[in-house]
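S.K.: Okay, handing you the structure first.
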Amino acid sequence: MAGGGKRRRLSKSCALLIVIAGIERYAFKGVASNLVTYLTDVVKMSNSRAATTVNTWSGFTFMLPLFSAPFADSYGDRFFTILASSSLYFVGLVGLTWTAFAGSRSTTKTISIFFLYTSLSLVALGLGVLNPSLQAFGADQLDHDLGHDHEQDQESSSENKEVKSDRKSQFFQWWYFGVCAGSLLGVTVMAYIQDTFGWVLGFAIPTGSMLLLIFLFLCGCGVYVYADQGSHLKSRPFQRIFYTIKGVVTRRSKITLENNHDLNAMELELQGKPLCNCSNTEATTTTTNTSTKSLAGDESSKTGFSSLKTIKLLLRLLPIWTMLLMFAVIFQQPATFFTKQGMAMKRNIGPNFKIPPATLQSTITLSIILLMPLYDKVLIPMAKKISKNEKGITVMTRMGIGMFISIIAIVIAALVERKRLKISKEMKTSPNTTEPLSIFWLLPQYILLGISDIFTVVGMQEFFYSEVPVRMRTMGFALYTSVFGLGSFVSAALISVIESYTKSRGGKHNWFADDMSEARLDNYYWLLALTSAISFLMYIVICKYFKSSSDEDEDKCDETS
């Protein structure tokens with residue numbers, strides 16, 4: 001293992017894709033973090049309409065991977081998909097920059113809503129296809145590196161497994177660091193530029209960064225590893241699903257397996273990994289080869305079995321996926337109502353500088369960057385000693401802890417908003433003796449959301465990555481992002497329903513009034529806390545009955561032994 005240290009370094013292709021992922025986050029956060037301010041101050045939308053627009057746009061952005069991933073997994077070339085989607089992303093940002101430029105030049109200062117929505121839709125479409133494809137393409141590079149290490153070192157399987165585990169952890173940690181670094185720069189730098197120098201420059205810089213992304217991606221053509229997805233049905237999991245559904249509808253689906261070895265072969269294909277560590281490797285290899293040969297002549301049987309198992313696998317993830325939605329709803333608040341809260345608070349630092357409210361979103365990212373090492377180096381080792389578990393805490397427990405912390409964050413947000421409203425009413429009666437609440441009162445809710453991100457968001461990535469077959473990896477990433485997509489739609493629907501109900505009771509009762517001294521965001525936050533608590537309790541119940549794919553593999557190992 002003399003070369004062990006060298007093998008643990010990331011390849012050039014992995015490093016380049018991490019940089020590209022960071023640039024993409026910089027461009028996205030540079031637009032998304034302060035978009036609600038642009039819509040209210042420049043486009044002159046109401047608070048509720050601006051929040052609904054941002055949530056709907058975010059919903060499309062995060063939901064699109066769920067529909068684009070099947071085609072990327074089954075048919076698409078990932079390199080071409082990334083290039084095409086990033087180009088579409090760039091065109092959308094060009095259009096968004098043009099709306100700001102045209103609005104600044106117009107005598108009436110009006111902006112075409114149709115052109116604005118079209119530009120945002122292009123950004124959403126490009127990003128929705130780009131993100132899962134880019135992550136899966138990065139995973140392809142990692143798989144190749146791990147396979148290369150395996151070829152170089154086959155004499156020690158235990159050491160080889162340790163190297164693979166270290167490399168996977170290193171890759172995902174650096175990927176997440178790149179994403180966080182890009183997000184941090186996008187939120188802080190771009191929010192300041194947009195508030196100080198205007199929206200034309202504020203949108204032009206993210207547009208230029210996307211052009212740089214495309215250039216860097218093309219520069220890596222010579223170092224990338226291009227996975228051969230093949231033309232056979234076994235490398236097209238979603239085509240198998242479509243064929244199975246068609247067969248069930250037409251009652252032509254025939255699922256026959258010749259023997260138990262066929263069953264093992266199918267499950268090997270589905271999981272993309274061995275069901276158990278068998279000592280008799282030679283016997284296992286012989287059995288698998290025999291099974292493969294016997295199945296080669298019965299394509300319909302293999303397709304039907306694998307497809308039904310894949311559908312069953314996706315359906316079993318649905319309850320967990322659903323319970324995570326309220327966590328995603330809470331995570332929509334920093335870019336919408338948290339920012340509007342900040343605009344109504346004291347933002348001055350000195351006589352001349354005002355804090356852009358959107359920059360407080362950077363505390364979420366800073367919390368992740370600063371506290372992630374504490375999680376890995378302190379919390380996990382302590383949990384390992386207490387629980388006697390190799391992982392310290394399970395992925396399910398990790399996600400649950402994050403959900404609980406997010407509920408605490410939204411409760412604090414409600415308490416702070418109630419205090420702000422009280423001071424705001426006092427200012428109307430005695431304006432000379434009362435000062436508005438400082439924007440720094442919002443920091444605890446932002447920091448707690450950052451801590452919950454460390455637990456739940458990272459846990460979600462690991463959960464969906466490990467629970468889907470290897471050939472459906474893009475779909476795994478899409479399931480993760482679609483939680484935030486549907487959560488955005490749920491948030492937009494809640495705002496619309498609540499506004500319709502509260503408006504019907506009179507203007508003073510409107511929770512989302514444009515006058516922030518009359519709005520009742522605290523009631524909205526209490527509602528989110530209540531629904532999130534119910535969702536969290538249901539999540540705990542579901543976790544008691546949920547069995548991960550790794551647990552099922554261990555059970556099958558016990559049965560075979």
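Note that Cβ sites are derived from N, Cα and C of the backbone, with glycine treated the same way.
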S.K.: If you check TrEMBL, which stretch out of 19-39, 355-375 is marked transmembrane segment?
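M.R.: Of 19-39, 355-375, TrEMBL gives transmembrane segment for 355-375.
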S.K.: With Cβ-Cβ distances below 8 Å as the criterion, list the same-chain residues six or more beyond the ends of the transmembrane segment (174-193) that contact it, or say none.
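M.R.: Same-chain contacts beyond the ends: 10, 14-15, 18-19, 21-31, 33-34, 135, 138, 201-202, 205-206, 356-359, 361-362, 365-366, 368-369, 372, 458.
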S.K.: Can you find at least 3 Cβ pairs under 8 Å between the transmembrane segment (51-72) and the transmembrane segment (446-465), where each pair is 6 or more residues apart in sequence?
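M.R.: When sequence-distant Cβ pairs are counted, the transmembrane segment (446-465) does not touch the transmembrane segment (51-72), since fewer than 3 lie under 8 Å.
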S.K.: With Cβ distances under 8 Å as the criterion, find the stretch in 79-101, 199-227, 313-335, 446-465 that has the most pairs with the transmembrane segment (477-498).
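M.R.: That would be 313-335.
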S.K.: Count the CB pairs under 8 A between the transmembrane segment (355-375) and each of 113-130, 313-335, 524-542, then give me the winner.
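M.R.: Comparing 113-130, 313-335, 524-542 against the transmembrane segment (355-375), the winner is 313-335.
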S.K.: Looking only at residues six or more beyond either end of the transmembrane segment (395-416), which have a C-beta under 8 A from one in the stretch?
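M.R.: Those are 320, 324, 326-327, 330-331, 333, 338, 341, 437, 441-442, 444-445, 448-449, 451-460, 462-463, 466, 522, 525-526, 528-529, 532-533, 535-536, 539-540, 543, 546, 548, in sequence order.
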